[in-house]
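Notes to accompany the following structure.
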Amino acid sequence: MANVVVVGAQWGDEGKGKIVDWLSEQADVVVRFQGGHNAGHTLVVGEAVYKLSLLPSGVVRPNTLGVIGNGVVLDPYALASEIDRLAGQGVTVSRENLRVADNATLILSLHRELDALREDGAPGTKIGTTKRGIGPAYEDKVGRRAIRLMDLAEPETLPPKIERLLAHHNALRRGFGLEEISEQTILDELTGIAERVLPYQDTVWRLLDDARRGGKRILFEGAQGALLDVDHGTYPFVTSSNTVAGQAATGSGLGPRAIGYVLGIAKAYTTRVGEGPFPTELHDEIGQRIGERGHEFGTVTGRKRRCGWFDACLVRQTVKTSGIDGIALTKLDVLDGFDEIRVCTAYDIDGQRFDHLPASQAAQQRAVPVYETIPGWSGTTAGARSWADLPAQAIKYVRRIEELIGAPVALLSTSPERDDTILMHNPFED
């Protein structure tokens, strides 16, 4: 019996929510291990639709424990708001179904403000952040000046920690010509939310180790996608954390040998939100058609996603950098009815052929996709639940993707409904 890590194999928005929800039915514990409330996902459970940004998917499922690990940066007010929103939908979040790492870094209002100032004040060099303070909070974590969840339980220790934090942030604010923030303002912000979030704190690394030793099935839920990884993504147009599967260990406190099966999620085409290179992006009516059929708008921001053909080079890179054992291929039904479908198999950069996207930002901008054209299919894949339900050419398309990325398709999703899934291999039974 394996534990399972779910990671996005592209630039996020791959449909992880549905796959995690489908897998969480078999899991005892669901763990968030990186990111913050900057990436959302939609869960469809029966007739109910839940939109989560910070809470693990397990909290909406009975008898499943949701865990927010130390690798997550936590906005305590966003957490309280999301808990209240679920309560309005009839889902009670308590210590019985949610624990938060006591050493998780907190996102404060000054982080959100700094994030927005940088993004709005950088014409032509925007990264495409959600302005929710994720990056600045990670900066403070690495700079060893962050306020952590456990600090709220010891209010008498907060003043010197706030003083250290503001020594940095007020210097930045002076540079922006902004009024400095007082220590009392931050203290009030922290003490005002403490009683809402402290009941969930726990020593998560020990909790997860006990669960593992007790034979519990643990599902690690990644946010964003591996191509947004701060090291392995299209830097600097990336998120502020590691999003590859290895972060599941670091961001939860569980040893790397306990991670188990790595399931990568990839769309049957490619999308991206915000700025950054996108070799297969389509600016024509085909790209518009894919976006409209796939309802490609961000869960958190509502931003329109950029759309393009499937990029086998990028997913193949992700298979290697995340150690992916199998792929869940989503939104195959969006490609129904295309006469032909193109897949990027290599790049041409200044006359030289590359089988991967170089780390150089300049080279990425000059990368021209080399395509293989595959016949489309006239039948429908929407709602298919077995191979027998799929058009023959759709099966050929899936098999060709497997060959190009060097990993098998373990699950195939054919609609947003959780049961419209074709299972080839159950990751928990690896």
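Every residue, even glycine, has its Cβ placed from backbone N, Cα and C.
Annotated features, as they stand in Swiss-Prot:
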- Asp13: active site, proton acceptor (ACT_SITE)
- His41: active site, proton donor (ACT_SITE)
- 12-18, 40-42, Arg305, 331-333, 413-415: GTP binding site (BINDING)
- Asp13, Glu14, Gly15, Lys16, Asn38, Ala39, Gly40, His41, Thr130, Arg144, Gln224, Thr239, Arg303: IMP binding site (BINDING)
- Asp13, Gly40: Mg(2+) binding site (BINDING)
- Thr299, Val300, Thr301, Gly302, Arg303, Lys304, Arg305: substrate binding site (BINDING)
How many whole Å apart are the CA atoms of Thr130 (IMP binding site) and Lys18 (GTP binding site)? 22
Leu332 (GTP binding site) sits from Gly40 (IMP binding site) (Cα to Cα, rounded, in Å) at a distance of 21
From the binding-site residues Gly12, Asn38, Leu332, pick the residue whose C-alpha lies nearest to the C-alpha of Gly302 (substrate binding site). Asn38
Rounded to an integer, what is the Cα-Cα distance in Å between Thr414 (GTP binding site) and Arg303 (IMP binding site)? 24
Near Thr42 (GTP binding site), how many other Cβ atoms are within 10 Å of its Cβ? 14
Largest C-alpha distance in Å for the IMP site residues Asp13, Glu14, Gly15, Lys16, Asn38, Ala39, Gly40, His41, Thr130, Arg144, Gln224, Thr239, Arg303, as a whole number, is 35
Where does Asn38 (IMP binding site) sit in the DSSP three-state scheme? coil
Spacing of the two Cα atoms, Asn38 (IMP binding site) and Gly12 (GTP binding site), in whole angstrom, works out to 11
Using a 10 Å radius around each Cβ and all protein chains in view, which of these binding-site residues has the most neighbours: Gly12, Gly15, Gly40, Gly302? Gly12
CA-CA within 10 A of Asp13 (active site, proton acceptor), subset of recorded positions His41, Arg303, Lys304, Leu332 in residue order, equals His41
CB within-chain contacts under 8 A for Gln224 (IMP binding site), separation at least 6: Gly8, Trp11, Gly12, Gly35, Asn38, Ala39, Thr239, Thr243
For Lys18 (GTP binding site), name the DSSP secondary structure in the helix/strand/coil scheme. helix
In angstrom units, rounded to an integer, how far apart are the Cα atoms of Arg305 (substrate binding site) and Thr42 (GTP binding site)? 16
List every residue in the same chain as Leu332 (GTP binding site), at least 6 positions away in sequence, whose Cβ is under 8 Å from its Cβ. Ala268, Thr381, Ala394, Tyr397, Val398, Leu412, Ser413, Thr414
